[in-house]
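Asks: My structure is below; once you've seen it, I'll send some questions.
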């Protein structure tokens, strides 16, 4: 693609909804207010059901993507942040691979790049809204009728436009951090909180039990005469959240928080000012949660395509090779899961017992996740502008060099460290995800990791802008 491709999007500028950037820095307290308001609007949208649905009780084809996309089925947040994330990742890929020439130091190029991203996100919103309705997620289109189908599409588009503007509001400096990260982490945290403290009751065949694991613990201790049996039931009950999952979630959260503090301090010095030294931190999670996001996106899309093909061509041998789908014990209620084929082997086990019963599948799954995360992490540094060559260029532009090394050797030294750190960090975050899935946390391993890294990122932003400098990770490490 030529750089002139961006000029094709210039006519759209006058017609796109836009949040005007603040003329002066927004005070920290006002940022907190705007962030809170944006979050409140998002949460409200996620609780309002779509008007006109005939039925949404079928197996959810987007089940594996919901947490990552901040999506709630059957609500205005059906699409979540999917159009924005998809558009952003595609354009970042095009830019990183030089298929789209963009000079980010040029204001006009930067603005056109943002316009192009927004236009593509809007097109995706229209496309996804139409597909979701016409594929029968809310009932057969013939049963819904033209008027209701159009109304459903309009509701989905309206909600997605609102999320797009909320994200832009925060990203342009009115709030803290990125709206996409905030909404995704909040959606995950909301689901975890609900599973831990839900006051609703469910009939499990032996009577009514509370859905929330913590509330169920106290309820069982109160009504059971045998307290030991009540504790065992509260910690290991099946098909409902249990206390073992609660403690597993807390353990994973603290582990990720602790590992955030692991970094290699690369000694650097200034080539312009004599005697000025410092360090360049290379974190263990050098690419943050991007590897597990990409791995999750890959597997989720394989699952989605496999399910759609199996529904239509269930007798085709090639389709069966990709995945055979159905319900089984231990799986989420009413949700179709892979029973054989490629999809089965890259699908996480539902429990430690499930993993032990099929060791070959477990080994393949673990190898796939660790390998994919390491590969994605190593590839992402080239796309995102954090590769050894990019960092070496930054050093040169800022008049920095590695202490004890010549300026001409900076790239070689960085090439020894950064790709290894990225691949190892990706494998570690993949291992944490696998561990989370095997332990059975309240939510998938991917969602727990995404929420934890995002929350810590927000803590760092708040610490920087709020004027307090206490490092949460170092403080936690001291306690450990």
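Cβ coordinates come from backbone N, Cα and C, glycine included.
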Asks: Is it the same side of the membrane for residue 108 and residue 441, going by what Swiss-Prot records?
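Replies: Domain labels do not match for residue 108 and residue 441 in Swiss-Prot.
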Asks: Which one of these stretches, 76-96, 97-117, shows up in Swiss-Prot as transmembrane segment?
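Replies: Checked against Swiss-Prot: transmembrane segment maps to 76-96.
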Asks: Return yes if the transmembrane segment (146-166) and the transmembrane segment (246-266) have at least 3 CB pairs under 8 Å (sequence gap of 6 or more), otherwise no.
Replies: no
Asks: For the topological domain 'Lumenal' (436-441), what are the same-chain contacts with Cβ under 8 Å, counting residues 6+ beyond its ends?
Replies: 244-245, 248-249, 251-252, 348-352, 355, 448-449
Asks: Residues of the same chain, at least six outside the transmembrane segment (76-96), with any C-beta under 8 angstroms of its C-beta?
Replies: 1, 42, 45-46, 48, 50, 65-66, 68-70, 102, 113, 116-118, 120-122, 124-125, 128-129, 132, 155-156, 158-160, 163-164, 167, 180, 183-184, 187, 382-385
Asks: Between the transmembrane segment (246-266) and the transmembrane segment (417-435), are there at least three Cβ pairs closer than 8 Å, leaving out pairs fewer than 6 positions apart?
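Replies: With 3 or more qualifying Cβ pairs, these stretches touch.
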